[in-house]
Amino acid sequence: MPVESGSSAASRQAKQKRKSHSLSIRRTNSTEQERTGLQREMLEGQDSKLPLSLRSNLLDLFGQIEREFENLYIENIELRREIETLNDRLTAEGQTIDGGDLTKGALKTKASHSTSQLSQKLKTTYKASTSKIVSSFKATTSRAVCQLVKEYVGHRDGIWDLSVTRTQPVVLGTASADHSAMLWSIETGKCLLKYVGHAGSVNSIKFHPTEQMALTASGDQTAHIWRYMVQLPTPQPVADISVILNADLCVCLSPIPQQTPCDDDIDFSDKDEADGDGEGPNECPSIRMASTTLRSHQGVVIAADWLVGGKQVVTASWDRAANLYDVETSELVHSLTGHDQELTHCCTHPTQRLVVTSSRDTTFRLWDFRDPSIHSVNVFQGHTDTVTSAVFTVGDNVVSGSDDRTVKVWDLKNMRSPIATIRTDSAVNRISVSVSQRIIALPHDNRQVRLFDMSGVRLARLPHSNRQGHRRMVCCSAWCEDNSSCNLFSCGFDRQAIGWNINIPALLQEK
């Protein structure tokens, strides 16, 4: 007596199911016809401005759509049942293979092998992700310490950019929308010098690598180079106890000022300019004339930076071009064109003649001036919104930040795709990377500043509350490697710069 094979039995079951499926469709069609007749009778009794014929056609069309969806739903159910049956049969036959059909056995073996590989890959990925999560929980025992050390208040408008000098004395520089740039004592928080030579918003400030010169870019379509001479204030001697007691007595006799309930309730745009009326900024000396003025842009100069050696500078403008100038002659050497929209930032490599420019056209470009005869350019399209900044690291990396709420780390040797991607919950502004610790500081539109390592792991978030931190958009961050008290600075549109002390344990950096 012939024995029915497993494949023929499965095909016969499938045919029977298809027959029952067709019968169910017929029954469904008959019930749909009855339902359509009832609905038409109901339509005749309803008031509508549409003609009866049009309503009837609409009803027929909707009925056909409903039947199609119902048929697809029934077919889906039947297919699910067939898949479950075949899976059960494969499982049962896989345990009792007699070697009767070598072809099927080989196919099953190959399928089971590929399935085991896929499951092993999923398990490995799952273990890696869970171990990463567990390691992040373990790292909480040695958390990063982020302390607010000093606030630098004196500008009359928002601060766009800040930078730290590379030579002694080490001072902090800020560029503000109030048409001025200021130099600050990092330790005391007092203004040492004020540059007021621009006729527009000062959008960036960078210091010469070896000399006491500053480069500022402005909304007046120019970039200025100016020299400065500052002397850091000497530490104040310890006051006499009797003087302190007398001062305390005077304070007690003075009327107690009324306290505001919360710092967030203050509207900085409506405040009077008392921030700039303190004794610090008004008493500091000012410079009104630049030693060199760079003119050739037809729009706002949004950023500028020194090339390695300090003999040339590059500027980025809203006229969609970046210009390379000779510092000594102030002549235009090259005009770097190619961006489709306004430029937002430019940065130079610390040891090589490389320039990176970012733009609102969602790209950033790498310009190579290492060979005087060949000036190559590479375009990178890694973001979906404005690239707010792109900066070099000491190694062979470029870090780019964007309004698409991502930060990407690129390898200069292979920039086809980023080696790390950081996803955030807010637009990212002008980022900075620590030279010694290789930590990325991300200033956000939502008043936060977050720290990540080069592999994209979050290390810390700077403290933010009603009493400390920025109260408006944070525009820029800058690291300082030569100061023990403050090694990170941030500035924002709340008219202040803040100095932070960041201590990242080695365990977090090696994670």
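The backbone N, Cα and C atoms fix where each Cβ goes, glycine too.
Feature annotations, courtesy of TrEMBL:
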- 1-13: compositional bias 'Polar residues' (COMPBIAS)
- 22-31: compositional bias 'Polar residues' (COMPBIAS)
- 32-44: compositional bias 'Basic and acidic residues' (COMPBIAS)
- 263-280: compositional bias 'Acidic residues' (COMPBIAS)
- 1-44: region 'Disordered' (REGION)
- 263-283: region 'Disordered' (REGION)
- 152-194: repeat 'WD' (REPEAT)
- 195-226: repeat 'WD' (REPEAT)
- 294-335: repeat 'WD' (REPEAT)
- 336-377: repeat 'WD' (REPEAT)
- 380-420: repeat 'WD' (REPEAT)
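Sequence-distant neighbours of the repeat 'WD' (294-335) (same chain, 6+ residues past either end, Cβ-Cβ under 8 Å): 161, 200, 203-204, 206-211, 213, 215-219, 221-225, 341-353, 355, 357, 359, 367, 369, 375. Helix, strand and coil residue tallies for the repeat 'WD' (336-377), in that order: 0 helix, 26 strand, 16 coil [DSSP].
If you take every residue in the repeat 'WD' (336-377) and average the pLDDT, you get 93. The repeat 'WD' (294-335): residue composition by secondary structure is 0 helix, 24 strand, 18 coil, according to DSSP. DSSP places the residues of the repeat 'WD' (195-226) in helix, strand and coil in these numbers: 0 helix, 18 strand, 14 coil.
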